[in-house]
Amino acid sequence: MSTGPGERRIGSLCREARARLAAAGVETAALDARLLVAAAAGVEPVVPLTDPDREMTDAEIARALSHIARRADGEPVGRILGLREFWGLTFALSRDVLEPRPDTERLVEAVLDWCDAGKGRDHPYRFADLGTGSGAIAIALLSELPNAVAVATDMAADALATARDNALRNGVGGRFLPCQGDFASMLAPGMDFLVSNPPYISLTEESQLSREVREHDPRAALFAGEDGLDAYRVILPQTRAVLDRFAPLFLEIGASQAASVAGLAKTAGLEDVQVFQDLAGLDRVVRAACVAK
């Protein structure tokens with residue numbers, strides 16, 4: 001990328017950045033260029049469109065060039081900026097947390113639909129997010145359930161620190177309780193519901209992942225054994241001891257895993273198993289309830 005007189009303007013630099021990213025094979029070149037250049041300039045992403053003649057300083061240009069070079073080399077925008085939006089909220093990222101995906105919003109929706117059909121959103125729910133990572137799921141739910149308290153578990157201390165900071169960033173820190181451990185193994189009984197987006201990619205699928213995911217998301221948050229079901233085999237037997245009677249567990253799943261996860265849920269003594277699809281019509285969420293205690 002050149003940075004001649006014209007390229008000092010934010011709009012011109014965005015066009016140059018878009019061309020470089022497109023040449024590198026980035027599918028969302030225009031959007032990524034605008035996000036990265038705007039972030040380098042410390043302005044909102046709309047500014048390159050509304051004020052394209054805004055002059056950028058040498059320091060801003062240097063940051064923008066660095067951002068674009070990293071993106072062209074396959075690093076995701078969220079990793080470059082250290083931030084990712086989910087459920088209309090902003091989350092900081094660290095090396096031990098998965099970058100939140102839009103698909104996971106379907107998991108949040110499934111929980112809220114269950115709340116709406118039952119005790120409503122104002123009920124003082126006590127729930128746990130198993131393998132919380134950045135805290136995105138628990139924090140999104142707390143933003144919609146004003147009287148709820150979430151216990152957020154994770155094995156990685158760095159992930160829990162990031163999640164705690166994200167809870168504070170999004171104004172729910174007082175209702176977000178981080179807990180280091182293996183999924184539900186350390187939880188006390190009496191949970192109104194459990195929710196989890198555990199690792200569910202099989203090791204045999206690694207070569208099919210995009211470079212952005214394969215090289216920049218933590219392996220521990222992605223892979224779950226040869227068939228992708230290892231995390232479910234750990235979580236499901238733990239749940240009956242901590243769920244109240246009739247309380248549900250919500251799990252994000254891979255598109256081909258519904259039957260397998262439903263079978264594991266029934267083997268673990270859970271009942272009323274239901275599967276919910278995402279906007280693409282793919283199986284995305286399994287819900288199972290603790291009916292018998």
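Heads up, residue numbers simply count up from 1 along the chain you see.
In case you wondered, yes, glycine gets a Cβ from its N, Cα and C as well.
Automated prediction, rather than curation, is the source of TrEMBL annotations.
Since the structure is predicted, the reported quantities are computational estimates derived from the model, not experimental observations.
Asn197 is the residue from Asn147, Asn197 that TrEMBL records in the S-adenosyl-L-methionine site together with Gly131, Thr132, Gly133, Ser134, Gly135, Asp154, Phe183. Counting only the Cα atoms, the space from Thr132 (S-adenosyl-L-methionine binding site) to Tyr200 (substrate binding site) is about 14 angstrom. Sequence-distant contacts of Tyr200 (substrate binding site), defined by Cβ-Cβ distance under 8 angstroms and a gap of at least six in the same chain, are Ala224, Gly228, Leu229, Ala231, Tyr232, Glu252, Ile253, Gly254, Gln257. Break the domain 'Methyltransferase small' (126-202) down by DSSP state and the numbers are 25 helix, 22 strand, 30 coil.
Just so you know, the Cβ of Thr132 (S-adenosyl-L-methionine binding site) picks up 31 other Cβ atoms within 10 Å once every protein chain is counted.
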